[in-house]
Amino acid sequence: MTLIAIFLAVLLDWLIGDPYSWPHPVKWMGSYIYLCMRLQEKKQFSPYLFGFFLWLTTVGLALGVSCGLLWLAGLAHPVLYWLVWIYLAYASLAAKSLAFEAQKVYHTLKFGTLEEARKQVGMIVGRETSQLTPEEISKATIETVAENTSDGVIGPLLCLFLGGPILAMTYKAINTLDSMVGYKTEKYRKIGLISAKMDDLANLIPARLTWLFLILSSQILLLDVKGALRIGWRDRYQHASPNSAFSEAVVAGALGIQLGGPHVYHGELIEKPTIGEDSRPVEADDIQTAISLLYTSTMTGLILFTLFYLVMQAYF
C-alpha cells in the first residue's frame, strides 16, 4: 500500500499542485515562523538561543502534528489513515506548484512588462528583484527551479520512501526554516545559523541524488549531457551551501548557460560564485527547459526509488 500511496501523492501533486485557497502544512509552518520572528523583533532575545528555539519548535511541531494526525486517523479507520497519509505525502511535494510559478514568470517575460516580471519572480526568490534585467529574471527563475528540484521534489520523495509523510513533513519544516531565516545578512546571520546548517545536513543526500537524476534527464531530453556532466562535476561546490550548486551546475551545463553571481538580499549585496560558462545569453525559453528537467528528474527519481524499494522489500 505504501507504493500505491506514494504514486497517488505524486499524481495529485502533478494534477492539482497547491491551490492558493487550500490549507497547506508549509503555509502553517511559515505562519508560525513569521509570528516567532515578530516576537523576536519585540523582545530581542539572544539571537543564537532564539534561533535554536525557533528550529526546535518548528521541526518538533511538524513531527508531532504529523504523528498525531496519522495516529488519530488510524484509531478512527484504516481508510482514513491512508487518506491522511496520502494528503501529507502530496503536501510535501512541490513539482506542480514550482513549475506553475516558473511558468508565470515565463509568460510575464514573454507577454507582460518588465515591472510585472520583476514582481512575479519576486514571489519565488529571496533576492531583491526591483532592478533585475530580463536575463537576470530568467536566471533567477532557472536557479530556483534547479535548486527546488532537490528541496521541493527529490528530497521529499526520498523521505516518503524512507520514512513516510512523518519524515517528509519534518524535512519540509527544515527546508522552510532555511528559506525564511537561513540568510547570511546582518538580520538573519545569527538567528538563522542553525536553520541553515541543519538544512545543509538534511540535503546532503537529496542534492547528490538530484545531481544524478538531472544528468539522466539531460540525456532523456536530448540536451547537452556532456556539458551537464562536465559543469555538474566542476561547479558542484560553487555555492556557499554545500548542496545548492549540485543541481544548478547540472542545469547550467545542460543548457549551456551561466548562473549564480552576486545578488542583493534584504538590502545587502551578497557575493556568490558563478556556475557554468557564459557562452550565450540566458533567455526566457530556458525556463521551459528547466521545467522539463524538473518533471523528467521527478519521474526518474520515482522509478529508481521504486526499484530500490522493491529490491529491499524482496531481500530484507
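Every residue gets a Cβ built from N, Cα and C, even glycine.
Small disclaimer: the values here were computed from a predicted structure and weren't measured.
Swiss-Prot lists transmembrane segment for one of the ranges 3-23, 45-65, namely 45-65.
Beyond the transmembrane segment (45-65), the same-chain residues lying 6 or more positions past its ends with a Cβ under 8 Å from any Cβ of the stretch are 25, 29, 32-33, 36-37, 166, 169-170, 172-174, 176-177, 181, 190-195, 198.
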